[in-house]
């Protein structure tokens, strides 16, 4: 559906809605603006002329009257969109936009389903099944309990959310809701129109609410009832315009009665943020990634290096199959640590090299068992008995521990490094320091946008900040420069030259490097020549008319240059357009939106030629890592261009429609960080496990030529490798399970090293122990990567169904085997997995698995490869963004304001919110924000004068401005990529983009709201159990 199409006529709520394939959705183009004539029908969920309507819970509104509306809402006639003009699917700000009012496509007339009193017994939840009977409707979702009573033998593993009858809470001020006479003994009609205890004001929202929103276009004539179709929202409801005012009842689940990510994060911070996490105990579940905590390494690797989906592994494969919980570890071998935690110690064993097991080649670690007085040791991975070399011998104490255990990092710590001997080097010789080659597209697009001039200016100063080892005065890394369009230009920047020399290679089909001496140079020695070159490049190509570019030959040239210099290194490619010039790796435009939701959709994610895989393989063999900076104005086939960066352990950065004034800060910030970050080159990683489990599957940015070795031309501190384990034998509860990750790499100074991470896990024979020790954030990280790889080979719908089925099986197994018997109408979730449904729904609704109309094929391919190597903290905020209200907490408070749930229902139009997901940063400004706040932040006198789409806040000398800018800076510092700010005004066209990130609501592309998905999950679980 095109964003710019005008909306089809939409009937009012009381009449049947037209059915879009698969979901209900209001169109969002061509809304009447605030000056449109008043509609004769009430908005969906909005007021109906002549009826008294009370405000939604937590949002106070002036009492309805016949007078003119207050000034803030005067421009919106009755039923017109004064709030949230751009709906989110069905989500309109009536009673609630987190919760879709359950209904048939054609609403039932009122008489068909008599409403019985709400009772507190667990309801039979059956939203997807046949039409409910009146007895079922009775308590349907109002009485749905999410509880977690567990068999008496176990401590509680679940959670208990249910509204007790009669727990009357006070509602917000406003007109008293009319009492309901005959039908509902004991309960008032709530502000949202449902019966039950009234909800109190919700934390972090609520303020005058100017009016209800409409569907956007004038309603057409009444349409005939569509055929009755069962629908996710299949809960019958009375027709609004047939009800007397006090009988506008609706069934709904209270969004505050279902598990809240914000609450779980807050609880974990309060409970686990103050104490350091000591890694000495086997199988401990670490604090959540959202909690700030200190780690003390006492024998197991820090959770900053390794996080697992479960810290208690089933003893048998049958038990693992029954539970369906994937056993996986997300490993970040070179993770950056906070300054208060020490980097891994470097151990030098001299010429003999690190001590290893003779059979399985595992490295010495704290779990190895020394025997026979210390003369031998038994391997903890394969049980092989090995001799201790004389130079490593030490006596044992009375507990059987070596007396020097605490003096040796490899015997007392979970993470450490060994210096590698020459045996661990290519061709048995120590490596040279790596090199960086900057390869700059100088075609018409790159010159015209100002990119080339900006980049050359920045490189002059950036080259002083190349990564260096420890206390080195200058970096050992050498640099080289290439420019290209249809041909390649190499530059000789030897320090003895007065001016740089240019050499052109026009035979791109047979690429070679025309010079060896003077191409890769030391920055400080050749400073003057390099500066001269960077000054000349923008001038040399200023009048270019060449629009075509090549791509594969550029990578080939960089790799050949590293090969000739006999070193590893990194290519920084700055590229603007689809490479259509005649050359190897030439591409054609194959973008086709018609393939979405067909069996051929997977081809959009696959490279269009195998040439790039072959090229990537050669790059990995040479230790040549590629980082790609893309500046496209149209389709560039990210799926194909990102193959080499993906397989060499590199990164892709994308700046669509690059403009220097808007995107300069983001690009330069990403570039500086990318050039300065510590990288391991020419790396190989292997994960060893103790007997009983083995690594079977790997996800991330790397290449594998066999089934065990993960090969990385480059690996930085932001990249993770996700490993899945399967049983190949029975595990033992006493001995547990062990993992050892060994990474062999070349440091920035050219030193060959081994980094070792060890982790011991528990094993269990009871399913309850498995469910008590899972980590949902890591589980979601694994499931997202599994799904994002799945779209390469399977239809997207199949991938989504697989995820839903697996989630239902995990929760059904818990319900069946771990929870105490209870009514089928109760949804019971394990305590540590209560957020699995909300997070999984976010993955299912993501652009890769369910794209909106405005998402391009390149965007999807870009996000797909980005998520593949994200760590757990990044996927957590990427799938469930943080929404921070800015004017709620006191200005003088130095701490981050408490987050609110990512739903439109939580937005108050008198407030300002900051939303971040690790890639984007939005500042949403409500239409009724106080004038003083607008003045303090934007230096303009009213809401209407704020520039929508603004990307920089003015620097003003007042507490609020300083606080908000400081918060933005601190959020950016936490993320691996620079988040560009976008200011969004309420009811502005950019609000559509912002609402896309309110993930608890129904999405425009048809994704379910959190409440609907929870109902669907419950139905799936019940089907499995029955």
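Cβ from N, Cα, C; glycine included.
Per TrEMBL, these features apply:
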REGION    1-108  region 'Disordered'
COMPBIAS  8-19  compositional bias 'Pro residues'
COMPBIAS  60-77  compositional bias 'Low complexity'
REGION    153-259  region 'Disordered'
DOMAIN    354-392  domain 'Zinc finger Sec23/Sec24-type'
DOMAIN    431-675  domain 'Sec23/Sec24 trunk'
DOMAIN    680-763  domain 'Sec23/Sec24 beta-sandwich'
DOMAIN    776-875  domain 'Sec23/Sec24 helical'
DOMAIN    895-967  domain 'Gelsolin-like'
Stretch in 354-392, 431-675, 680-763, 895-967 most in contact with the domain 'Sec23/Sec24 helical' (776-875), if contact is a CB pair under 8 A: 431-675
Long-range neighbours of the domain 'Zinc finger Sec23/Sec24-type' (354-392), counting only residues six or more past its ends (CB under 8 A): 299, 347, 400-402, 405, 410-414, 418, 420, 688-691, 738, 740, 742, 754, 756, 758, 760
Summary of DSSP states over the domain 'Gelsolin-like' (895-967), given as helix, strand and coil counts: 23 helix, 12 strand, 38 coil
For the domain 'Sec23/Sec24 beta-sandwich' (680-763), the number of residues DSSP places in helix, strand and coil: 0 helix, 54 strand, 30 coil
The domain 'Sec23/Sec24 helical' (776-875), counted residue by residue under DSSP: helix, strand, coil: 65 helix, 3 strand, 32 coil
Secondary structure tally of the domain 'Zinc finger Sec23/Sec24-type' (354-392) (DSSP, helix then strand then coil): 6 helix, 11 strand, 22 coil
